[in-house]
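Enquirer: If you look up TrEMBL, you'll see 347-380, 454-487, 488-521 marked as repeat 'TPR'.
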C-alpha cells in the first residue's frame, strides 16, 4: 500500500504529464493513484487523463463505474457528457446533462435535482460557472441535432449564467443566431463582475456594427479607457489588449460593413502579418479583397490554406472567392458548394454560392442557397437582402419589398437595405416613398459619403425629378457628381431636369458631357437634338 507522500507525489506527476501533453504517462500514473486510493477526485483525474488521451470509451467507463458519485458530482456528469459529445452520442449527452427548462430569454427555470454538488477541491474563485458549461454543452448537442432554436436558447443561457463563457457568445454571434436587437438585449442583461467592465465593452464591440461612425468609434475609445485603467495596475496587459488581434479584427469588420474596403484591407493585411492564421480576420480579408479585386492576394492565400487545411470549409471558400473575383462563376460555385459540404453551418459559403448562381443567371439555384442561409442563420439579414434582389430582377416588386422589410427587421441599421427598398418603391412608381427610403439610406451611412453611395444620390435625384421638385433633384445630381465625375446617369438626369425647366443652355451643356462619356447614348442624342431645336425657336418644348 502506498504512503500518502507517495500518492501525492504521483498526483503531481500526473498533473505535470498533462501539462507536458504526455497523456499515456498521465494515464499510467493516474491509474495507479486511483487504484491505491479509490478517492473520487483521483478517479476523476484518471478519467480526465483518458479523455485528454482521446480514450473516450474508457473515460466514460471509469466515470460510470462510480454511479453514486456520477449522480452527485457535477464534474463527473460534465466529463461524461463531454465523452459522449466526442463520441457523437448527442441524445445520450443530453440525458447525461439532466433535465432542464430554458425560456425564450435564456433563463433556466428547472435544473437538476438539489442533491448534486460541484465537488472540485482545486476550484478557484475565478473559474467559469459549471452551470454555464452545462448550458453551453446542451446548446452544442441541440445544434448537432439541427435543433437550432433550442441551441440558441441554451447558448444564451450559458452566457447569462456566466459572461466569461465566451464560447457561447461566439456561437451566437458567428453563427448569426440573434438579430441586432436580440444581441443588444442579451448584452445589456449580462451581469459582469466589478473587474470585468472591460469585457462588457469588448463584447459590445463584437456584436453587429452598423451604427454611425461616431457611435462605434466611441465603443473602441471606451475600451481603450477601460484597458488604460487596467494598465495602471498591469501595464503589459493594457498595452496588449489595445493591440489585441480580436479587437483589430472587430475594427476591420466594421470598416467592411461600412463599405470602407481599403481601410479594412489595410487592417487585415497588417493583422495577418502578425497572426496569419486568425480565422475571423482571414474571412474579412477575403471579403475585402473580393470587393477590391485583389485576385493575386486571394490566390496565394487560397493555395496556402488548401495545402495546410484541406478539410476546412474556409480553405475551399477562399478558392471560391478567387474564382468569383476573376469572374469564373461556374468554378466559384463548385468550390462554394464544396465548402458547404464540409461545414453546413458556414454562412459565407452559402451566400457566396447564391451570388455565384446569380452571376450565372441561375435564379432557382440562387434562391435555394439564399433560403437555406436564411433558415440556418436567422440573425443574418444578407440572405433576405439577396433574395429581394433576385425578386427585383424578375420584376416581382411586391415580393421583393416584403423580403427587404424582413431584412430590415433583422438588421435595421444597414443602409443598403433602405437603398433597395427605395429602388423597389421607384419601380412601383411610389416616388414619395422612394424619396423617404433613399433619405433614410443616407441617414444610416456610417462614414461621410463615398463613391459607393453615388447611385443612391442619383436615384434620389430621379425620384425628386419625378415629383417635379426640380431644385432638389439638381442638388442631388450635383452632389452625386462630386463623388464621381464620370457618371452618365447623373449627367443625363441633370441635363433632363434643366430641360424640363426650359433652361436649354444648361441642358445642352450637360447632354454634351453625358455624350462625351457615351457617344452612342440614344436618349441623350435625341434630347440634345430637341434641346438645340427648342433653344433656336425659344419655345417651351412640352407645349
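Using the three backbone atoms N, Cα and C, a Cβ is placed for every residue, glycine included.
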Enquirer: Report, as numbers and ranges, every residue of the chain located at least six residues beyond the repeat 'TPR' (454-487) whose Cβ falls under 8 Å of a Cβ in that stretch; write 'none' if there are none.
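Expert: Long-range Cβ neighbours of the repeat 'TPR' (454-487): 415, 419, 422-423, 426, 431-432, 434-435, 438-439, 441-442, 493-494, 496-498, 500-501, 517.
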Enquirer: Give the residue counts of the repeat 'TPR' (347-380) per reduced DSSP state, in the order helix, strand, coil.
Expert: 27 helix, 0 strand, 7 coil
Enquirer: Averaged over the repeat 'TPR' (347-380), what pLDDT does the predicted model reach?
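Expert: Across the repeat 'TPR' (347-380), the average pLDDT comes out at 94.
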Enquirer: Please list, for the repeat 'TPR' (488-521), how many residues fall into helix, strand and coil according to DSSP.
Expert: 27 helix, 0 strand, 7 coil
Enquirer: For the repeat 'TPR' (454-487), give the DSSP counts of helix residues, strand residues and coil residues.
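Expert: DSSP classes over the repeat 'TPR' (454-487) add up to 27 helix, 0 strand, 7 coil.
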